[in-house]
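Participant: Quick one: the structure is below, questions incoming.
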Amino acid sequence: MSGDYANYTVLMPPTPDNQPSGGAPPAAPSAGGARPGDLPLPPYGSSSSSRLVNRRGGGDDGAKMDRRLSTARVPAPSSNKSLLVRSQTGDFDHNRWLFETKGTYGIGNAYWPQDNVYGDDGGGGAVKMEDLVEKPWKPLSRKVPIPPGILSPYRLLVLVRFVALFLFLVWRVTNPNMDALWLWGISIVCEFWFAFSWLLDQMPKLNPINRAADLAALKEKFESPSPTNPTGRSDLPGLDVFISTADPYKEPTLVTANTLLSILATEYPVEKLFVYISDDGGALLTFESMAEACAFAKVWVPFCRKHSIEPRNPDSYFTQKGDPTKGKKRPDFVKDRRWIKREYDEFKIRVNSLPDLIRRRANALNARERKLARDKQAAGDADALASVKAATWMADGTHWPGTWLDPSPDHAKGDHASIVQVMIKNPHHDVVYGEAGDHPYLDMTDVDMRIPMFAYLSREKRAGYDHNKKAGAMNAMVRASAILSNGPFMLNFDCDHYIYNCQAIREAMCYMLDRGGDRICYIQFPQRFEGIDPSDRYANHNTVFFDGNMRALDGLQGPMYVGTGCLFRRYAIYGFNPPRAIEYRGTYGQTKVPIDPRQGSEAMPGAGGGRSGGGSVGGDHELQALSTAHPDHEAPQKFGKSKMFIESIAVAEYQGRPLQDHPSVLNGRPPGALLMPRPPLDAATVAESVSVISCWYEDNTEWGQRVGWIYGSVTEDVVTGYRMHNRGWRSVYCITRRDAFRGTAPINLTDRLHQVLRWATGSVEIFFSKNNAVLASRRLKFLQRMAYLNVGIYPFTSLFLIMYCLLPALSLFSGQFIVATLDPTFLSYLLLITITLMLLCLLEVKWSGIGLEEWWRNEQFWVIGGTSAHLAAVLQGLLKVVAGIEISFTLTAKAAAEDDDDPFAELYLIKWTSLFIPPLAVIGINIIALVVGVSRTVYAEIPQYSKLLGGGFFSFWVLAHYYPFAKGLMGRRGRTPTIVYVWAGLISITVSLLWITISPPDDSVAQGGIDV
């Protein structure tokens, strides 16, 4: 208390809720005022908390009177704030007293805490008083609009360019080139298509937004002491993390192990995090590599927590440049890092030696079995030796139930049993701190030593069943995880993508658990890549899409699902509609319109409960109400015949709701509902998880049709996201300040083209299927519909693109151009269209943050991919639709991190593919056409330089787009394969002969001919 005041009197006003407990009239205050020691003990405090007034006020028998202040001034230094001029109204200055003293004042009580704690009677467990006071409600996230100074000119330029394109096309149609109608007709058709495709691509970009998450508010709301959570235990929902892999030789197990380690060490409540790996190949190599990773995680995860390591992928951490001690405060960091680095090197040696170890073990044990069989055969058993198979053996001396090194019936890649192995059990619900002496080399005192649960899964595969590639594996993981952990949210990763920002998951939860988050089906993170060449020759970073298109879609109904780094709401994956108290309508999907509650009742259940969730939820009557509102919850024809799985659906829906801590939260759960510990796994639960990943489980169900990942397309990710948007769900694009996740991308030209081919083929499949956006429901917003329509249409642009790339060559060969003359009107329109395009590019760079070089690389690879992979995708898609020929793709090989002298060796490796032929043809034809055009103009008596200028500039512009392709074919130091020269020569000879045949030379130099 300030030294300015010698004494004071606290008197309470006679409010209706502050009346004397007896019938006695209010007593006057004593002359000396109310002292803290004179007040009675609080009715709910301990003996040491005697500094709190009685339940309804201070004074004798709770007398209530006007609050007054009696003070005596004491001289004080002029710098003391308490000497400020007092209010002349005579009212009590509440703020002043709250500032000057440590007392807490209110109607009916005053509190002097000791050391800012309450309830500490010497036995510990003290709780701060402010923790027991209800905190003001805070949003967990907010939208950050693009500044109008950027967005308004951007939209205006889109309108200007649209008008310019319209006028240009009108002029082109009304001014044909009568000397070359065929050339004019081809160009007109191409230009109309380009204008249409530009409109489809540009319109969804009109409303880009940014978002920001408040991690401090998330911690305060879910992990801080409160009246409903006095101990501050985490109230966050559970999260199931999926890792997908299929071939340990194309996807190195060391890469997968590093991904697993980064997930196990992420910053999320350990008891709420559950990690699964789906090994679709059923390989023992993957199984034993994950076992090695789990053993190393026992020291790696506590090390990351102790020293706040970033990133938590050990390979990326130890290979990153810079000072590793920067920002580290603990004196033992250098010693710990040196020891853990040595342990990681030994871990890598063990993992890399596993293939040889497994094979040597198999050879030794198979030799033993054959010896025993020969002994039995010698004893009279004639069939003993014939029954011995070349098995693959586990470390405990038993047969591996998955795929063997030498495939045999029931042990082949497409024919093996289900495997579920919980390698790390559920951690203890309470924090388990390390102690001095727990580890011989690391001091883990006061470090949480727990590790999240981890399970290895390999679904059953049998001949005669369609396994539906990655989508089938994801659905198997969804069902198994629902039985084992049933986290209401799921995060999926490819095996080569790892967590680069350990706070990224928390940022995603800010959106899912915020007000209105129950209508969000998934949070998509941008894909970031490492190991890309500095010039990004083949646009691997794809920043134009991830930072431009996807950010713009976030302002509509949400970004598309792009395969990895996506956090899902489990309930949305199950095919249910979102809770719909309002409908979003309008061009941008921002207009809120209330709807009939009966229309949205099917997706707004009351509550749920059950064993699988492990949380405190509603009773049996709530489950019965939920089942009544959701007849599909118990429909085996939709979800299968697992009763345990069906019961888990209501629990997952309930636990995924936001907190009911604000009147505007219409579909929430009470705070503190997820504080109870989870029951341990038992044998029956694990057996049920094995059952739901059997190959027959999906028979006569809607898995892959309306439930889970959707089957029937090689781009199952886009289709799955489209289905959820089509039901009215929204999605969010989460761009974190530090990259959330990182992965690898193919830097080899052939691998990159095959990757683009797979994506484009999936888009063609979407276009010819019922997932075409033209057939979408009215819940899909207009501009979002245009974006999905563009996904299905963009490969067809290749048909027009390759014709347009050949137009300059045809112009130079024929001596004509797409217009009769280079009319000023034509040049003006062309200039206006080009200028508006460049201005749009500059503004897009401004609001998206991409660089001009990245934009130009994207344009170049759009032409390269459009005339190769996209063209092949259209042909393959048409063959599938017309002839029913199925399309299969090989798994893209992931490069393991190695200490190589040249990290970009793959960039210079040339692997011939038929996809090279169309771009080679375009390049060769344009070069020959340039030579022909220049020769004709030079040797003509009346040179027509305008036609040469138009065709020549056009041809140079085409060749500029193919520069990365040509550079890639050169290899390194002239190591171009012979087949490239062969094809280039064949194309040149063919084009030359074709031109001579179509336009034979004559003696008329005046007509532009060349004397021969």
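Quick reminder: no glycine exception, Cβ is built from N, Cα and C everywhere.
Predicted, not measured: the structure shown is a model, and the values here were computed from it.
According to Swiss-Prot, the protein carries these features:
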- 1-85: region 'Disordered' (REGION)
- 20-37: compositional bias 'Low complexity' (COMPBIAS)
- 57-69: compositional bias 'Basic and acidic residues' (COMPBIAS)
- 150-170: transmembrane segment (TRANSMEM)
- 180-200: transmembrane segment (TRANSMEM)
- Asp280: active site (ACT_SITE)
- 597-620: region 'Disordered' (REGION)
- 606-618: compositional bias 'Gly residues' (COMPBIAS)
- Asp717: active site (ACT_SITE)
- 799-819: transmembrane segment (TRANSMEM)
- 825-845: transmembrane segment (TRANSMEM)
- 871-891: transmembrane segment (TRANSMEM)
- 914-934: transmembrane segment (TRANSMEM)
- 948-968: transmembrane segment (TRANSMEM)
- 978-998: transmembrane segment (TRANSMEM)
Participant: Just to confirm: which same-chain residues, 6+ apart in sequence, have a Cβ under 8 Å from the Cβ of Asp280 (active site)?
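Facilitator: In sequence order, the residues whose Cβ lies under 8 Å from that of Asp280 (active site) (at least 6 apart) are Ser244, Thr245, Ala246, Ser458, Arg459, His467, Lys470, Ala473.
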Participant: Go through 150-170, 799-819, 825-845, 948-968 and flag the stretch with the largest number of C-beta pairs under 8 Å relative to the transmembrane segment (180-200).
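Facilitator: Out of the listed stretches, 799-819 contacts the transmembrane segment (180-200) most.
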Participant: May I ask whether the transmembrane segment (825-845) has at least three C-beta pairs under 8 Å with the transmembrane segment (150-170), counting pairs 6 or more apart in sequence?
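Facilitator: In contact, yes.
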Participant: Looking only at residues six or more beyond either end of the transmembrane segment (799-819), which have a C-beta under 8 A from one in the stretch?
Facilitator: 172, 175, 177, 179-180, 183-184, 186-187, 189-190, 193-194, 826, 863, 866-867, 870-871, 874, 918, 922, 925-926, 928-930, 932-933, 936, 944, 946-948, 950-952, 954-955, 957-958, 995, 998-999, 1008
Participant: So if I draw a 10 Å sphere around the Cβ of Asp717 (active site), how many other Cβ atoms end up inside it?
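Facilitator: Counting Cβ neighbours of Asp717 (active site) within 10 Å gives 24.
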Participant: I want to verify one value. Collapsing DSSP to three states, which class is Asp280 (active site)?
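Facilitator: Assignment for Asp280 (active site) reads coil.
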